[in-house]
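See structure below.
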Amino acid sequence: MANKSMETIVSLAKHRGFVFPGSEIYGGLANTWDYGPLGVELKNNIKKAWWQKFVQESEHNVGIDAAILMNPKAWVASGHVGNFNDPMIDCKSCKARHRADKIIEDAALAKGDEIIVDGMTFDQMKETMIKYDVVCPDCGKADFTDIRQFNLMFKTFQGVTESSTNEIFLRPETAQGIFVNFKNVQRSMRKRTPFGIAQIGKSFRNEITPGNFTFRTREFEQMELEFFCKPGEDLEWHSYWKEFCKNWLLNLGMKEDSMRLRDHEDDELSHYSNATTDIEFKFPFGWGELWGIADRTDYDLKQHMEHSGEDFTYIDPVSNDRYIPYCIEPSLGADRVTLAFLCDAYDEEELEGDDKRTVLRFHPAIAPFKAAVLPLSKKLSDEATDVWAELRKAFPVDFDESQSIGKRYRRQDEIGTPFCITYDFDSKEDGQVTVRHRDSMTQERMPISEVKAYIEKHLQF
C-alpha cells in the first residue's frame with residue numbers, strides 16, 4: 001500500500017522537479033509555488049487535454065483569452081466588490097487568522113460529522129462552534145473574535161497615481177471576461193444556442209488561510225467553460241456537463257473511487273442557481289473540491305446588461321424567440337487537478353527480493369515524458385541519440401545514459417514515464433529496440449521505425 005501522505009507527495013514533487021517553493025533563495029514567499037521542468041509539462045498536458053475535449057473536439061464550444069485587468073465596473077456588476085467574501089475569525093490568544101467555515105468543518109469532521117457551513121449565518125456558525133468545541137488549530141485555545149467578512153479581491157492601481165479613481169482589481173475568476181464578451185463571440189463566430197465559450201487563465205484571490213501545497217493558493221489557474229442554452233433546457237445541460245466532466249477525469253486515468261459527485265442542497269445554492277454539483281477528490285488531507293458545475297441561470301448576463309446598458313438578448317434565427325440565455329459553468333482549477341492527478345498516480349510497489357519501487361502511474365497523455373531512450377552502454381550513445389532526436393519531434397522524450405539500466409528504469413518510473421526504449425548492441429544489427437512498459441514492467445521487441453506510432457497510439461484518451 002502506497003504511503004500517500006502529503007509529505008511524501010510534496011517531497012517527491014520537489015525532488016523530481018515537479019514543483020519548487022516560490023522565491024526559495026530569498027526564504028520563499030508563503031503559499032507560492034513554481035512549477036519545475038516536469039511539473040510544467042504535466043500541467044500543460046492536462047490543460048491541452050482539457051482544451052482538446054472541451055473546445056477542439058466540441059461542436060458547440062469556442063475559446064477566448066480575456067484580459068486579467070478589467071474595468072472595475074464589471075466587478076461591481078458581478079457582485080464581487082460587494083459580496084466576494086469569506087468569513088474570517090481571529091484567535092485572541094495567538095493572533096492567528098482563520099476561515100471560520102473551515103475550522104468549523106474540520107472540528108466537526110474530527111468528531112465524525114461531515115457538515116457544510118456554506119450558507120450559514122454568523123449566528124449559526126457561532127452555535128456550531130460551541131456544539132463542536134472549536135478551538136484554534138494553532139494554539140488550542142477557544143478565545144475568538146467575532147466572525148466578520150473579508151473581501152478576497154486583490155486591489156491595485158492603474159496609472160502613475162494611487163487614488164480611488166485609479167483603483168482596479170486582479171481578477172478573482174476568468175468567467176467575467178467571458179460574460180462581457182458574450183455578444184462579441186456570438187456575433188463574430190455566428191454561434192447559435194446552445195454554445196459555449198472556454199478559457200484558461202490565471203486568477204487571484206487573497207485567501208485568508210491558503211494551504212495544502214498547491215490545493216489552495218492566492219495565485220492560481222482556472223479552466224472554465226460558460227455554456228449558454230435556452231431557458232428550460234438548463235437542467236438537462238447541467239446533467240450533461242456533470243457526466244462529461246466526470247468522464248474526462250476517468251478517461252485520463254483517475255480512479256473512480258478517488259472521486260465523488262456531491263449535489264448542493266437547496267440551502268447551499270446561490271440565490272440565482274438552479275443546481276450546482278461539485279466533483280470532489282480524495283486528497284491525502286481529505287476530500288476537496290476539484291470541479292464545480294453550476295447552473296447560473298441568466299444571472300450574469302442580466303447583471304452586465306443592467307450595469308453596462310448592453311443588450312444581451314438572444315434572438316433565435318429559426319423561431320424568432322427572444323431570451324436571455326441560461327448558463328452552465330463547469331469551473332476547474334488547473335493547479336488542483338494537477339495535484340489530484342499527481343496524488344492519484346502515486347504508488348509504491350513491492351517487488352521480488354524485498355525490492356520496491358516508487359511509480360507515478362500517469363495516463364500517457366498527461367505524463368511529462370512519453371518515453372525515455374536508454375542506451376545499454378555509453379558506446380551506443382551516438383546511435384541512441386539519433387533515435388531520441390527523431391522521437392522528440394513528435395512528443396517529449398528523455399535521454400538517460402548514466403548508471404545501470406535497472407536504476408534508470410527506477411528513475412523513469414518515479415517520474416511517470418510510460419515507456420523506456422532500450423537501445424542495445426543488437427539494435428545496430430537488426431534495427432530493433434526493446435520497449436519496457438512502466439506499469440507492468442513487461443518488455444517487447446519492435447523495429448525502431450514502429451516505435452513512434454506505437455507510443456502515439458497509447459496517447460489517445
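The backbone N, Cα and C atoms fix where each Cβ goes, and this holds for glycine too.
Mapped onto three states, the DSSP output places Arg99 (substrate binding site) in strand. Using a 10 Å radius centred on the Cβ of Arg99 (substrate binding site) and all shown protein chains, the other Cβ atoms total 20. The substrate binding site annotation in Swiss-Prot covers Arg99, Glu173, Phe220, Glu221, Gln222, Met223, Glu224, Glu329, Pro330, Ser331, Leu332, Gly333.
Here Swiss-Prot flags 205-207, 215-220, 289-290, 333-336 as ATP binding site. Reduced to three states, the DSSP call for Arg336 (ATP binding site) is helix. Arg336 (ATP binding site) has a Cβ environment of 23 other Cβ atoms inside 10 Å.
Using a 10 Å radius centred on the Cβ of Phe220 (substrate binding site) and all shown protein chains, the other Cβ atoms total 19. For Leu290 (ATP binding site), the spatially nearest entry among the binding-site residues Phe220, Glu224, Pro330, Leu332 is Leu332, judged by CA separation. Same-chain residues at least 6 positions away in sequence with a Cβ under 8 Å from that of Arg218 (ATP binding site) are, in sequence order, Asn31, Thr32, Phe154, Phe204, Arg205, Asn206, Glu207, Pro210. Of all the binding-site residues in the list Arg216, Ala334, Arg336, the shortest Cα-Cα distance to Arg99 (substrate binding site) is found for Arg216.
Ranking the binding-site residues Arg216, Ala334, Arg336 by the distance of their Cα atoms from the Cα of Glu224 (substrate binding site) places Ala334 first. Leu332 (substrate binding site) sits 13 Å from Arg216 (ATP binding site), counting Cα to Cα.
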